[in-house]
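Student: Dumping what TrEMBL says about this protein:
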- 53, 57, 332, 430, 434: Na(+) binding site (BINDING)
- 173-182: disulfide bond (DISULFID)
- 134-161: transmembrane segment (TRANSMEM)
- 249-270: transmembrane segment (TRANSMEM)
- 282-302: transmembrane segment (TRANSMEM)
- 322-345: transmembrane segment (TRANSMEM)
- 357-382: transmembrane segment (TRANSMEM)
- 418-438: transmembrane segment (TRANSMEM)
- 459-484: transmembrane segment (TRANSMEM)
- 490-511: transmembrane segment (TRANSMEM)
- 531-554: transmembrane segment (TRANSMEM)
């Protein structure tokens, strides 16, 4: 046993003499075996657009913009820069500021890091050995979001299939899932409200009290047909989290179909998902344009648009507005999930990712604004038809907007089945584009961490999708909607900002801003956007993200659901809320008597913040300049062939390399840090 351990250690430290030709042959063979690149740059751009422009642009951005103060009045009515600054809305002020100071810089960082190293998040942070946990945190973010995000796609799939009918199933009552509380909203059937009190009769009946006995009722006493279709038929929602129940047939089968679609589209990686991206990136814009034209011609559309575009200035100074803007920026761009790294890792080394980033970020930034007109024009029409206030329907977000409010509006439109098919097909395209990228992260990570599976990608995809489906089954239970809301609150919110902070910190301060920009120069031939990135990465972004994180934790509240849709008001369990921040303790190690001039804790800190021996471009053709020494590194048994302690290239000096006093003095030393 002891001999085996000694031999294993010897294999890791012994230097096998090999010629450059032999090593080059090995590397070239492995790269050909792992040739996983985009067929053309256009597929990469469409995949990025499909990843970034997702469901959040349709239901999250318009809702946050309206809730946090509107904000497009300037775009519609101002023609000079001065008037634009004066009239720009309450939500768009923090949104565009955070987009420019946090969103775009981190987007640049993830694309550059993935393309330079040809690695996904699991191994990209080998550039600082002690910070590989940042990459794993991104994988956790991606997996959590992937699990509940596909649940939304399964709901859209259920609605899409249900739309192939002359009369939509949520258009009227009388089906087996409806009960006596069901009613169809409208001028002749809506409950009459006065001074905040709801009565079980219409306004004409209330005015003629002698003939009709109008009684005061609770909000749970009457439920629309659309609400019962979603909550009773599809979800079979329970009254509280504790009544979780068992998986239900309709959502479980829909979820299974959703995972089959995802697996089929990504089974060959970027070779297959890149082709699907042509549809998932372009089709939503066509449908949005059709919906905007169609909804703007409806009666009352202007009222909804006014609610959307007129700002409310008192909300600008509230931390909640900035927190909402930050979460929207991260969620919309797909930051801190690792999907951008996984996609860019399949690029050619000299691909101009900077130009592609500018295109995608611009598309994503204005798609939410674009979608808001379609959403609020439809809400304005619905409120006019039902003689309700716009704010009643504008308060809906997420599933409430996509699966209750919008279907309700579609049900009152002419050719309702056609527009229902188009709308839910658009939701499927938007959702699948993001889901492909999220699912690709754990798959890429498995293939990187376990290289023996690289030749079995199809099997890895199938196993990942099957396991993900089984883990996601709790979402199909009656209490699954509460679990969904919990993950939606925490898995796609402040955790993204925290991971983004450590991404920027590691690149700017641990690895070094100057060195990273030189890596960018190796790819693009220039240090693109250097001064802008220095200002954001090194100064503004970390400060802003810290403020947003701590303000979010300080103002966190217990999750709750108001009364409505046939359910009483419900407050989630206390364990579902972050209550306090506990300080972490980290005790240093004792000094090493054998190395008094450099204590072991300092040595550990130095080693952990240094790149691993094989950090650099993964492809041997890019092993030039500063990374020329990688040509002497074998992929299996060899670590380093000769010392490079005294090499100095492009201003980098290795004089600061210090030998590890614990390591084998007779073995060649590996460079541990560069400045």
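The backbone N, Cα and C atoms fix where each Cβ goes, and this holds for glycine too.
Set these features in their place in the structure for me.
Tutor: For residue 57 (Na(+) binding site), applying a Cβ distance below 8 Å and a minimum sequence separation of six or more within one chain yields 332, 364, 367, 368, 371, 430.
Packing around residue 182 (disulfide bond) is summarised by its Cβ count: 21 other Cβ atoms lie within 10 angstroms of its Cβ, all protein chains included.
Residues 46, 53, 367, 370-371, 373-374, 377-378, 380-385, 413, 419, 422-423, 425-426, 429-430 of the same chain lie 6 or more positions beyond the ends of the transmembrane segment (282-302) yet place their CB under 8 Å from a CB of it.
Long-range contacts of the transmembrane segment (322-345) within its own chain (CB-CB distance under 8 A, at least 6 residues past either end) are made by residues 44, 47-48, 51-54, 56-57, 60-61, 64, 67-68, 91, 94-95, 97-99, 102-103, 106-107, 110-115, 117-121, 124, 135, 137-139, 141-142, 145, 270, 353, 361, 364, 368, 434, 437-438, 440-441, 444-445, 492-497, 499-500, 503, 545, 548, 551-552, 555.
Within the chain carrying the transmembrane segment (357-382), a Cβ under 8 angstroms from the stretch's Cβ atoms is held by residues 45, 48-49, 52-53, 56-62, 65-66, 72, 75, 96, 99, 103-104, 107-108, 111, 285, 288, 291-292, 295-296, 298-308, 328, 332-333, 388, 390, 393-394, 401, 405-406, 408-409, 412-413, all 6 or more beyond its ends.
Same-chain residues lying 6 or more positions outside the transmembrane segment (490-511) and placing a CB less than 8 Å from one of its CB atoms are 102, 105-106, 109-110, 113, 125, 127-128, 131, 134, 137-138, 141, 144-145, 148, 323, 326-327, 330-331, 335-337, 537-538, 541-542, 545-546, 548-549, 552-553, 578, 609, 611.
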Student: Have a look around residue 53 (Na(+) binding site) and count the other CB atoms within 10 A of its CB, chains all included.
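Tutor: By my count, 31.
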Student: Could you check the recorded positions 173, 430 and say which one's CB has the most other CB atoms within 10 Å?
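Tutor: The most densely surrounded of these recorded positions is 430.
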Student: Under an 8 Å Cβ to Cβ limit, what residues of the same chain, 6 or more beyond the ends of the transmembrane segment (134-161), are close to it?
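Tutor: Answer is 55, 120-125, 234, 250-251, 254-255, 257-259, 261-262, 336-339, 341, 399, 402-403, 407, 420-421, 424-425, 427-428, 431-432, 434-435, 438-439, 441-442, 445, 468, 471-472, 475-476, 480, 483-484, 487-488, 491-492, 495-496, 498-499, 502-503, 506.
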Student: Show, in sequence order, which residues other than 53, 57, 332, 430, 434 on the same chain lie with their Cβ within 8 Å of the centre of the Cβ atoms of the Na(+) site.
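Tutor: Other same-chain residues with Cβ inside the cutoff are 51, 52, 54, 55, 56, 58, 364, 367, 433.
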Student: Out of 332, 434, which has the highest number of nearby Cβ atoms, where nearby means within 10 Å of its Cβ, if these are the binding-site residues?
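Tutor: The residue with the densest Cβ neighbourhood is 434.
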Student: How about long-range neighbours of the transmembrane segment (249-270): same chain, 6 or more residues beyond its ends, C-beta under 8 Å?
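Tutor: Residues packing against the transmembrane segment (249-270) from afar: 36-39, 43-44, 47, 150-151, 153-155, 157-158, 233-235, 276, 343, 346, 432, 435-436, 439-440, 443, 457-458, 461-462, 464-466, 468-469, 472-473, 475-476, 480.
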Student: State the Cα to Cα distance, in Å, between residue 434 (Na(+) binding site) and residue 173 (disulfide bond), rounded to an integer.
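Tutor: Computed Cα spacing between residue 434 (Na(+) binding site) and residue 173 (disulfide bond) is 35 Å.
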